[in-house]
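S.K.: The following feature annotations were taken from TrEMBL:
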BINDING   48-53, 221-222, 246-252, 272-276, 346-349, Ala403  GTP binding site
BINDING   Ser52, Thr252  Mg(2+) binding site
COMPBIAS  134-149  compositional bias 'Basic and acidic residues'
REGION    118-149  region 'Disordered'
Amino acid sequence: MCGGKVSPEEEAIAAESKNIDKQLKAEELELIKVNKTTTKILLLGAGESGKSTILKQFKLIYGSGFTDEDVKSYKAAIRGNLVICAKSLVEAMDTLKIPYGFNPKDPANTALLNESNELTSASNEAKSPHQRKRTESNSKESSDGNKIVKSDDPLAQLAAKLYDIAGGSTSSPPAATLIKGAIIFHADSLADSEIAAIKTIWKDSGIQYCYRRANEYQLLDSCAYFMNDLDRLLDQKYTPTQQDILQARITTTGVSEHHFIISKDQSYRIFDVGGQRSERRKWAPHFEDVNAIIFLIAISAFDQTCTEDNETNRTIHFSVVESLNLFQSICNHAMFRTTSMVVFMNKIDIFKDKLETVKVSSYFPDFTGANTYEAASEYFAHRVTESNKYTESKNVYIYYTWATDTSQIRTVFLTVNVILLQSQLASVGMI
Ligand SMILES: Nc1nc2c(ncn2[C@@H]2O[C@H](COP(=O)(O)OP(=O)(O)OP(=O)(O)O)[C@@H](O)[C@H]2O)c(=O)[nH]1
Ligand SMILES: [Mg+2]
């Protein structure tokens, strides 16, 4: 075949072989496409940031929803959640020193409060400017958002005084004593006495005041959702709704893998991990071949201390600070140099509510903007994006999410899917 004339048969064979090559190439490309668009995603973030709730939304939106088995186990979990909430509340009544029946709006309390305010301002007047400055900085000792703000609220002090006068923890009503002794469990049903006790304490004005101070101790975010609907949840024929399941809290231990087909071109392998500190050492074995990380930060917790700190009495950090540090270490991890980072700034519903009464600058003094949702969320988003050291090789995409709201999450997922598909195709040079 050195420059000789090519016969029509040979021509046909060459054309056929060209065709086959073309077809193979197309099939290979298709194969690559299919393989490359199976995105391996890790759901990361601190405990209670909402990872498993996002996974539940994947099941609802792209999977077959909750199975009968799921519903059964969540029914028991929800009842367990009720006991946990009731227990957290009655325990906090003692740690915060709030007497049962305490009503901040009671005229007698208002009068006492005015009296103590007058006394405080008289004593402040008598102090030198230097002494005054020291008292003020003691009550709000927070320079880097990393130290706890000490409560010098006159109402909290009045409650504590009345608590001591009433006899402290010995003055707890029988319902509270019963709850204190209750064992936390996942159960299909609760004893009648426990049901009655939970109902009684939730109606107590002191407990309601304690609930409003939930940033000072650990309480499940779904506490009010469940407690305000006790009759329905405790009915013998109760079956959890989708929303109840989204609100239910089961702490994740270990790592679980889940598969979802998003479209004909896109499928996900999602890994849900436990976010509590003791769980984080189980993350690393899953770091190989990760295409994207969805990292959750509960921004509503900007005034909240960390669970584990409360348990061990170690140095107290704000949980958002811990989340930002955790994000920084993941984002700048050598194995994730080119891994797309999608950050869900989660629990914006609670965040918005909180901003009505709580100042971000009290906990993050370098925040100088207006105490609005727009300014505060932008501030936290900036804290996230500025952590990325690999600005040349990857992007950090920020979304504000309400993980328990399926329609909001559906919209968020649509844009996340587009971004993940594009960045994955780009990473294999296909766009
Ligand atoms: N109101 C509100 N509650 C939320 C939101 N996201 C999650 N929650 C609730 O927060 C609690 C904790 O959520 P999970 O999804 O269990 O948190 P996690 O990150 O999986 O926690 P670990 O498994 O311990 O790592 C649950 O009761 C959820 O219903 C949100 O955006 N708004
Ligand atoms: Mg979880």
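Cβ coordinates are placed from backbone N, Cα and C, and glycine is handled just like the others.
Bear in mind that TrEMBL entries carry predicted annotations, made automatically and left uncurated.
It should be emphasised that the depicted structure is a prediction, and the values quoted were computed from it without experimental measurement.
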S.K.: Can you go through the binding-site residues Glu48, Ser52, Leu246, Val273 and pick out those with a C-beta less than 6 angstroms from ligand 2?
M.R.: Ser52
S.K.: How many Å separate the Cα atoms of Val273 (GTP binding site) and Thr252 (Mg(2+) binding site)?
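M.R.: About 7 Å separate the Cα atoms of these two residues.
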S.K.: Near the Cβ of Val273 (GTP binding site), how many other Cβ atoms are there if near means within 10 Å?
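M.R.: The answer is 21.
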S.K.: How far is it from Asn346 (GTP binding site) to Thr252 (Mg(2+) binding site), counting Cα to Cα, in Å?
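M.R.: Here the two Cα atoms are 18 Å apart.
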S.K.: Within a 10 Å radius around the Cβ, which one of these binding-site residues has the most neighbouring Cβ atoms: Ser52, Thr252, Asn346?
M.R.: Asn346
S.K.: Could you measure between Leu246 (GTP binding site) and Thr252 (Mg(2+) binding site) for me? Cα positions, answer in whole angstrom.
M.R.: 14
S.K.: Let me know how many other Cβ atoms fall within 10 Å of the Cβ of Leu246 (GTP binding site).
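M.R.: Around Leu246 (GTP binding site), other Cβ atoms within 10 Å: 23.
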S.K.: If you measure C-alpha to C-alpha, which of Glu48, Ser52, Ala403 (binding-site residues) come within 10 angstroms of Thr252 (Mg(2+) binding site)?
M.R.: Glu48, Ser52
S.K.: Which state, by DSSP, holds Val273 (GTP binding site): helix, strand or coil?
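M.R.: Its secondary structure by DSSP: strand.
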